[in-house]
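Engineer: What follows is a single structure, and I will ask about it in a moment.
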Amino acid sequence: MQSAMALSFSQTSFTRPNHVLGSSGSVFSTPRSLRFCGLRREAFGFSTSNQLAIRSNRIQFLSRKSFQVSASASSNGNGAPPKSFDYDLIIIGAGVGGHGAALHAVEKGLKTAIIEGDVVGGTCVNRGCVPSKALLAVSGRMRELQNEHHMKSFGLQVSAAGYDRQGVADHANNLATKIRNNLTNSMKAIGVDILTGFGSVLGPQKVKYGKDNIITAKDIIIATGSVPFVPKGIEVDGKTVITSDHALKLESVPEWIAIVGSGYIGLEFSDVYTALGSEVTFIEALDQLMPGFDPEISKLAQRVLINPRKIDYHTGVFASKITPARDGKPVLIELIDAKTKEPKDTLEVDAALIATGRAPFTNGLGLENVNVVTQRGFIPVDERMRVIDGKGTLVPNLYCIGDANGKLMLAHAASAQGISVVEQVSGRDHVLNHLSIPAACFTHPEISMVGLTEPQAKEKGEKEGFKVSVVKTSFKANTKALAENEGEGIAKMIYRPDNGEILGVHIFGLHAADLIHEASNAIALGTRIQDIKLAVHAHPTLSEVLDELFKAAKVESHATTRTGDAKIKLNTNQEDRKGRRRGGDDEKQPSVSKDLKDISTRPSSFFENISVGVLSLLSLIFV
């Protein structure tokens, strides 16, 4: 789900043996470090090479046939895997992750089926990202119309703004319906079989759906997503005590609503409710609001998004019991101290929204048939999304993507994981770098981030022995932001001054959710600051906020560029370019930290090609 924080579970590391067939044919074990529900804390490399070295042995990834795994199969009486298959790939769950995997699978020539027990689109399309953005679009326009000072600064005069609740709700519902139909039609158009019914794993390479339908596939992907997490002691009636599923229907706009949890979900709904006239009270178990964000960004966001609005908050407390409104009585919330568990306060409000994160939807999937034991409900997987059984061994031909594995509970992360799995089953090794996946909170202004927070980066630097630097730029110095009268905001980058590696970027300001992708792509490609600061940005645009950010970074003079030369040669001849493609300069490149593995790329050439392409296009237009 795009706007859902992972549950606040402590991060736990597990080391499991991974049995792999070596080049000599012998089976050897190599430790595999696994982490569950570690939002933004997993750093996996991105490998496109045809060979992967493990210890002194080499595993060949030249084709699907040469990539073999020794794994324990189920012995629960389900028998051996079938010799022939109905499909190349079966996907259980037709959310954003399953949809992305299905489209990529057909592109790779795989006969594909997708099973859905509810409606196509999953949480994101029907009860998450899509309808919430529709509501936030309304809240953004309401805020602008209600801000008399802001409108006068443009020379505009606007009468009092109002809204029709049902009309707003219809806008969100209609958008969800449209996107759901688009997803369904896109799969039908390319020949994906959409099977209706609850799907479960019956055994190795075997799936059951509906009452008694059994089908087989070479590979199976579990993509069942998540549901709202409701702590014990909270009674949800769907009317006065609600989850995000209910809130998105906007059946009412209460005068006073308590929001339990101040992560992505809670923060976005506070934006909607306050714009529509509600008073909001946050209840947060930790000592500060917005605990999942970079601390500096959290403080600024609180100053802009919380303090000036009709919002108060209680931090360091649990809602131990919430009783819905009934018999003319309001919603009753009992608060206790998060540390001592002593009673703290009692609140009486019109409604309460439970925004305490999401829990994996993995019950009833038949995981016991392949000896898989969940971890807090999450299905354990390795860095290639391969499912791991209770003995720490890979389950053959079984993968899990998205919220169900807990690696990064975002819709686009699920889609990326699905595409990564399809690459693997098609014969090309692919490991997704989760630190390059951006996240965004669509408040007004927006918040976005990619990579590590400042505390996380400094902790990593201390452990691995490198220095961490921080640089910031302000939206108040950006021409486009000032033209929009939206100068409130900053961009912040955490990086290594010794080699120019970008460790994290955080943005708070106008269209932050759109701006973050330049930084996320830089991290994904391993682009160094000394390279990307030479890129040209159109003026005047908001993208110049990042342009100034990159230029403000101080990289040590001895740090080399990605091509191994501190002086970028823009006028390189064809032979020089061929030499670089052959990898002649690769040996000179500085090593990237082990959490962000290098891939062969030349950012300077990329920007040169883009510039040449743009100039060529312009010449065609104006000649």
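Note that Cβ sites are derived from N, Cα and C of the backbone, with glycine treated the same way.
According to Swiss-Prot, the feature transit peptide maps to 1-70. What Swiss-Prot lists as FAD binding site is 116-124, K133, G199, 224-226, D403, 409-412, and the listing cites similarity to another entry. Swiss-Prot lists C124-C129 with the feature disulfide bond, giving similarity to another entry as the kind of evidence. Look at Swiss-Prot and you will find G261, S262, G263, Y264, I265, G266, L267, E268, E284, G357 tagged as NAD(+) binding site. Marked as active site, proton acceptor by Swiss-Prot on the basis of similarity to another entry: H539. As annotated by Swiss-Prot, region 'Disordered' applies to 561-597.
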Engineer: Please name which of the recorded positions listed here, L267, H412, H539, is nearest in space to C129 (disulfide bond), Cα against Cα.
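Structural biologist: Closest candidate to C129 (disulfide bond), judged by Cα separation, is H412.
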Engineer: If you run the three-state DSSP split on E116 (FAD binding site), which class comes out?
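Structural biologist: The three-state answer is strand.
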Engineer: For the NAD(+) binding site, please report the maximum Cα-Cα distance among G261, S262, G263, Y264, I265, G266, L267, E268, E284, G357 in Å.
Structural biologist: 15
Engineer: If you run the three-state DSSP split on G263 (NAD(+) binding site), which class comes out?
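Structural biologist: In three-state terms, G263 (NAD(+) binding site) counts as coil.
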Engineer: Using the alpha carbons only, what distance in Å do you get between G263 (NAD(+) binding site) and E116 (FAD binding site) once rounded?
Structural biologist: 29
Engineer: 10 Å Cβ neighbour count around G263 (NAD(+) binding site)?
Structural biologist: 24
Engineer: Using C-alpha positions only, work out which of the recorded positions C124, G261, I265, E284, H539 is nearest to H412 (FAD binding site).
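Structural biologist: That would be C124, the closest of C124, G261, I265, E284, H539 to H412 (FAD binding site).
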Engineer: Of V119, C124, I265, L267, M409, the recorded positions given in the record, which has the fewest other CB atoms within 10 A of its CB?
Structural biologist: V119
Engineer: Provide, as an integer number of angstrom, the distance between the C-alpha atoms of K133 (FAD binding site) and C124 (disulfide bond).
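Structural biologist: One finds 10 Å between the Cα atoms of these residues.
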Engineer: If one measures from the C-alpha of C124 (disulfide bond) to the C-alpha of G225 (FAD binding site), what distance in angstrom results, rounded to a whole number?
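Structural biologist: Answer for this pair: 9 Å between alpha carbons.
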Engineer: Quick one: what's DSSP say for E284 (NAD(+) binding site), helix, strand or coil?
Structural biologist: strand
Engineer: With Cβ-Cβ distance below 8 Å and at least 6 positions apart along the chain, what are the contacts of the residue listed as 'active site, proton acceptor'? List them in sequence order.
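Structural biologist: T479 - these are the non-local Cβ neighbours of the residue listed as 'active site, proton acceptor', listed in sequence order.
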Engineer: According to DSSP, which of helix, strand or coil covers the residue listed as 'active site, proton acceptor'?
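Structural biologist: Coil, per DSSP.
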Engineer: In whole Å, how far is E116 (FAD binding site) from I265 (NAD(+) binding site) when you measure between their Cα atoms?
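Structural biologist: Taking the Cα atoms only, I265 (NAD(+) binding site) lies 25 Å from E116 (FAD binding site).
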